[in-house]
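*Asks:* Below: one structure in structure tokens.
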């Protein structure tokens, strides 16, 4: 009996742990995912009744607005996002770039230049159960893969969605903080609008000024603030239903929607621009999926978010149906007097939490754009030791702050900001609907009827709301359009210039026949050390190498062509990150190393990179020797042959490592350097503490009698070169359009791309290359 109970308890333990983790993630999601969505009741009714709908302020119109809010909130956030879209995650990640990444992997739609077949062998590349032989609409796949213009249009649609999400990062803090602060005017009736705007700006500046500290120190407060806020507004809504108008439940009938449009006509259609604000923030359910699970996000929405917000909208409608004149400040007027100030404080905190979540999402979007080659290089700071992916981008932070304060000061009106906010949110939602339809066809391999039904059902609703928002372009709706145009231009010009640069490198790479004709010395003096040549090419030798050796006919004894590239997956496992291969015969001592990162990976300043590189090359040499022993000699060229080097490889590292931090070893490692270079390095290390604190190691060959002498010689040459020192060689490229190019190309390359390249961070900075070891080779490209 006890044994059976023990077995049963053991079986139940994983289930208990699973549900405990699910509840914990659902609780934490309130502070990250739902902050923006939960603050919508602050301004929905005010924005809806701000225009021509003022002429229809009566109980029946309020019932019609509530019916629209209820069915819109049920159809889009609940049915579309919670039920369907959350299932389209990219290995746990969400957002427009996650959908685009899925499409690029399951159909050849990507513009990433240096992709190779080895990338498709990544464990997270394809969706489980996917097979290209059973795809639906093969003609559509072939059409999009064949026609560059179709793929360009798809990219522009994704960039439009990303630009609008960046616009959300500007508009959400402005409307949320200003709405919460406007509650002061309910009790302090003599307070001027300028004072409310000033207080809002102070809060906004403080919010952005604290971004560099990260959110981990106060993140534990986010979830309880939002939960308290939700229970507050849910309880207030229930109180208002009972106290003011218990018949308000009748408004849930679609009959009142029909009656609403019969009464208001075109004015009611224009008022939809205010009603759509009830679902702003639901895109965050999908975009911020990475830190949670779809099950936890669904659980939080269904059990708490949906009922609390519906109760609040119903309660506010019940209050307004009996207090029509209080429409401009309906939310705060509906709060019972004794709890006004506590609710005001919680509302302000909830607005800050909602703004924080959107700002963090904006940083993530910019990082993804950069990883996919669609945004200039910016500084990315990892702000959390425990939460992977929590980042801070200083340049973007200050741009957002300036634009957010400018919008707040310029408009000073929640309605005008709401008009702009609605355009941005509905555009992002429609982009998601469009991409989801393609996901159903290319990734889920569903029937065309299923995908078309999804697109027509949700797309038609979103188009109606979007058209209503666009009617208010002159009343603030122009702001997100202008912002999106600016950000899209920056993204596409950078993408265009980067692609042209890669195409030039690809067309002008050095042939292997020429390299082999030079012999093992490469027709230059080979000096001790390792030369790391950065290139975007994954095959061949870049022309920067011949350009360098032509002007300075000397190079290092060991050459490594290093390519750091992005692949269209969110994360690359460390065990799959490194691809190592050989260029030319063994005597040439030339290797290729490809380091792969996902679009959500953060490239940290890893002081162990050089050591990892040497270890991986050593592993490759041993693997190649094992393969060659069972086949032909590998003294011949092996160009194009790459191997994935993993930390858990069956081949143990042939190199022994020991710390070399003592003075004697340090001097031994530097013995081959000139006195002036050693002095310069010492000065540099004193000025750069991070460099001086880097771990120094010394490699040694183990005493193995059975090791092949050629392999031992090659490993010994690699170790001695590492101890001599590593030099980084990188091209400093100037790109100019050809004289016969079109006006667009000349403007994009000579003006736009040139300006962005000069004002963004240099590649050596983003790759954390020490300046003391860097050689930049000037190159001029005519594209």
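Each Cβ is built from the backbone N, Cα and C atoms, and glycine gets one as well.
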*Asks:* I'm curious whether residue 419 and residue 469 share a membrane side according to Swiss-Prot, where sharing means carrying the same topological domain name.
*Replies:* yes
*Asks:* In Swiss-Prot, one of 111-131, 132-152, 153-173 is tagged transmembrane segment. Which stretch would that be?
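*Replies:* Transmembrane segment, as annotated by Swiss-Prot, spans 153-173.
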*Asks:* I'm checking region-level scores; what's the whole-number mean pLDDT for the topological domain 'Cytoplasmic' (1-21)?
*Replies:* 58
*Asks:* Who are the long-range neighbours of the topological domain 'Extracellular' (469-475) in its own chain, taking Cβ under 8 Å and residues 6 or more past its ends?
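*Replies:* Sequence-remote neighbours of the topological domain 'Extracellular' (469-475) are 51, 270, 272-273, 276, 415-416, 419, 422-423, 426, 481.
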*Asks:* Applying the under-8 angstroms CB criterion, which one of 62-82, 190-210, 299-319, 339-359, 448-468 scores highest with the transmembrane segment (391-411)?
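*Replies:* Stretch with maximum Cβ contacts: 190-210.
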*Asks:* Give residue numbers and ranges for long-range contacts of the transmembrane segment (299-319): same chain, 6 or more residues beyond its ends, CB-CB under 8 A.
*Replies:* 22-23, 26-27, 29-30, 33-34, 37-38, 40-41, 44-45, 62-63, 65-66, 69-70, 73, 77-78, 82, 227, 230-231, 233-234, 236-241, 243-246, 248-249, 251, 278, 285, 326, 330-331, 333-334
*Asks:* Need a quick answer: max count of Cβ pairs under 8 Å to the transmembrane segment (423-443), which of 22-42, 62-82, 153-173, 218-238, 476-496 is it?
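*Replies:* Between the stretches 22-42, 62-82, 153-173, 218-238, 476-496, 153-173 has the largest tally.
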*Asks:* Please determine whether the transmembrane segment (62-82) and the transmembrane segment (218-238) are in contact (criterion: at least three Cβ-Cβ distances under 8 Å, sequence separation 6 or more).
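*Replies:* Between the transmembrane segment (218-238) and the transmembrane segment (62-82), which are separate recorded stretches, there is no contact, as judged by 3 or more close Cβ pairs.
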